[in-house]
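Trainee: Take a look at the following structure, please.
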């Protein structure tokens, strides 16, 4: 096992030595090197041998469940080790022939999902490669970024999906979820394999390995965490890899990857203790599923496509069943269409191999067309709230109560404490003139303890907290050192629209999250000060207050609602923001205020540094919820295709909040709860995920790799790009297919020119049943679905023909739904979205 470690160190050292010599020669900007992703015209091995994945795990377990030795896997197809070595030699040979005698550095050979390599070269060398007949595509590497205790109960898992399939102790067993993220902390109890007396076999179809480094020692993997690797070659070539922060290993120095893995597949019943407070017990959605980690993102810089593609390629080769991506590109892909980028095309090959792919929609909402996950073969998840919130408040001596945030205890009940502003409690050596940030309470030595002791200290929350230059944790330490009874932070007026997460506090405290509420506090405080008529110095602090605790959760809020930051459709087809005929997001899941495991050295959220759990928000948290629920579906229906799993999740999604009203969507970054309206399919896709319903969808919409290829070939000018990425000629496909013709569980038409007919094929995976069909048309559109009634036997198919006619001209998107209702209780919701309508009535007449 130590051999793995030393081989890896040699790679890092050789990269550094190479870069040192290369950079010395490249002082001319025109010759500056960069990483390029090169794909070849010959199809990757997965397109020929994808069904022949390895069956033997690379490590066996000793009596305590820890790997005790590595073993070579048995090669049972060309897609395994020998094939990889052969393809790598082909890549090396091409580089030697094209760049004869010149310096370059190949970082990766991709041989399973795409046939190509990542290489560090100059633009001139990249041009030489692109002119070779064997080469189909040369793309400049681009950057990417990272986009739970109560949610199992909120989603109804304990008495629903888990209960129907044997309880949490079997939920997801046999399914391997691959996470392309910032790594994992293997010491966390959420990933232990010895918490149950039931045997925990590693799935025979998985063949991944566990890297061993000083940061990730032997024994880090087990029957739960079955594989762990890291990919950083592109980052290292740029000279931005910081080994002390980023860890040249699968270990998570950020926290994000540990969190997402635990949301999907963390163990059940793990106590959440933060700053000494008990917040309940945590569980992943599929607590018995297995985790494989492919670290390709890092704390200090994010990540790069070349590393992400290598991670995806390896995950598919290892045999994962699901890939969870809580990452999005930093920019919209250029070219013929957004779908043609190295990450999405690698994921298309993964889907061809039966892998269900989940991706976060992105945190770029609420603007239209802000979607960062584009392709129909990827299941894109937006973020919604759930019904548990943490709130606290401060009650002032004038009987005004102000709400705020803070995971903190309250001051003694029934006792009012004197309020003292930090700027009024300075010692003789300190003044605002000498330290303009002194009100942020970051340095104990600035203050007079006699003035603060036993009182509530008022500190300011400025943009410096947002940037990480000041921290709540340091201000609390100052308050403790001064023996304060509590702390209240008021919002600096320059922090406009910033949404605060509940922050853990080890003493009574509150953050006022709006500048208006902060003004109320400060006006009361200043009006209560008594000053000397002669010196103008404060002689009495007259303001008093008490803080109520924010540790106890509140469940009275309406939910779910679509969070303001969740990226929105319509799906942008290209860099010109033309709309695609594909509904995005696919659906929404809990993504706001999610408790889950945190890396012991995680620094992504400074306020949770050193804690074992963190409360995080984002579409990054929503995607692994769906990855875990997909594991439950794969466990029940092993033969379902990725498209069928997507259909089960989509058609059963909920359209109403827990009070029976429409799901609302926040429309503004500032004051989001004051700017909301009913959610449309461009906000929430098919709706809010229904965990139990997805395990019994009745009918499913299926789609194949060939369907996706036909869709891609239907894009104007796409034929050479399709050939470049897949090795397949568009002559073999029906190039008249559009996104609206794909057999998706939704219908989106970006331009309804008078009339359009589309079809959808349904497959029955339940018992014999009779269905009726109803619909609600989009505004300005008439809809007819035939047949309106049908009976279908188990395993049979039924085709629905949907005719849409524009009844008026309109360029504003409108929405409708088709409902398919079974007499045994199955209900399918199919959203309709029409963006532009051109009606017959306005056509020119002869």
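Glycine is treated like the rest: Cβ placed from N, Cα and C.
All annotation found in TrEMBL is predicted automatically rather than curated by experts.
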Trainee: Which stretch, out of 7-32, 33-58, 59-84, is listed as region 'Disordered' by TrEMBL?
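Mentor: TrEMBL lists region 'Disordered' for residues 59-84.
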Trainee: Taking only the Cα atoms, work out how far residue 181 (active site, charge relay system) lies from residue 256 (active site, charge relay system), in Å, as a whole number.
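Mentor: Their Cα atoms are separated by 7 Å.
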Trainee: About how far apart, in whole Å, are the alpha carbons (Cα) of residue 256 (active site, charge relay system) and residue 620 (active site, charge relay system)?
Mentor: 8
Trainee: Could you give the number of helix, strand and coil residues in the domain 'Subtilisin-like protease fibronectin type-III' (741-834) as assigned by DSSP?
Mentor: 1 helix, 63 strand, 30 coil
